[in-house]
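Here's the structure we're looking at; comments come further down.
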Amino acid sequence: MERLFKPSRVSEILRKYGFRFSKALGQNFLIDGNIVSKIVDAAEITKDDYVLEIGPGIGTLTEELSLRAKKVLSIEIDNRLKPLLQETIIDNYDNVVIHFEDVLKSDLKSLIKENFGDNKFKVVANLPYYVTTPIITRLIEDDLNLESITVMIQKEVANRFAAKPSTKAYGSLSVFIQFYSDVVYDFTVPSTVFMPKPNVDSAVVTLKIKDELPDINREKFFKVVRAGFSKRRKTIINALSTYGFDTTKDEIKEALLVSNIDEKRRAETLTSEEFIVLSINFPEI
Ligand code: SAM
């Protein structure tokens, strides 16, 4: 059988079922076997792995995952893809389960338990760009048995995930993602490997989920981070004291002092570890 990543095969399937791409659902399908293979390599998938995919499309990446992983659970929002996926995947690969639902509304915990038991699993996906951050936030905050997330996303967002302090791309999203994971920027992807071509550049990143997280009040931590970055050009003391917290400037000065952070620095120079210490010393908010 001809592999799905061949542009001629993709066109043939789409034509056969009269399928029209939905821009609103971020449907840009892969048509390059080399990239499909590189994504699965970056995720280090072996026959022992359980893999969750989000948005199989016509199943191009799903097929490669099925061949290289133990089991694949794939969640797709678009019911119109049912007959196509029946022909491309369900009829041919018996280690794949496709579940049709919006991943943001699905009961992930139950689905994972049902399909993977208590085993650890990896996420591999070419994500719909309009919901990249909500999907990743949900995955890492949901307290799942998650080992890593390897995803194709907008290059600009990938840069923000991986950014180091004192760079333009560094912001609250970088601190948030790096709190939960070690980020690896895998590779950049040209728009020519998609049908249709997206208007933005893409990249693949891997988030290796940390086994142990600092035992802190996360809500407070993220509030302090967001406040710090709310006025990028201001000093950290000014950004925090004008954010609207119910605290005095002196209390914030004291928290910075105790945390060994010069109040004249800007948030974008603070490491994730410094934000953690600051949030511990910060007054109750
Ligand atoms: N994996 C395929 C590929 O690489 O060719 C398709 C990737 S395409 C960028 C994104 C896929 O995610 C589409 O199939 C789209 O219908 C699906 N999708 C969009 N929003 C979704 C959501 N909220 N939940 C689940 N799937 C979604």
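Along the chain as shown, residues are numbered 1 onward.
Note: Cβ is positioned from N, Cα and C throughout, glycine not excepted.
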Record-annotated S-adenosyl-L-methionine site (TrEMBL): member among Gly55, Gly171, Gly228 besides Asn28, Leu30, Glu76, Asp102, Asn126: Gly55
Cβ neighbours within the same chain of Asn126 (S-adenosyl-L-methionine binding site) - under 8 Å, at least six residues apart: Asn28, Leu30, Ile39, Gly55, Gly57, Leu61, Val151, Met152
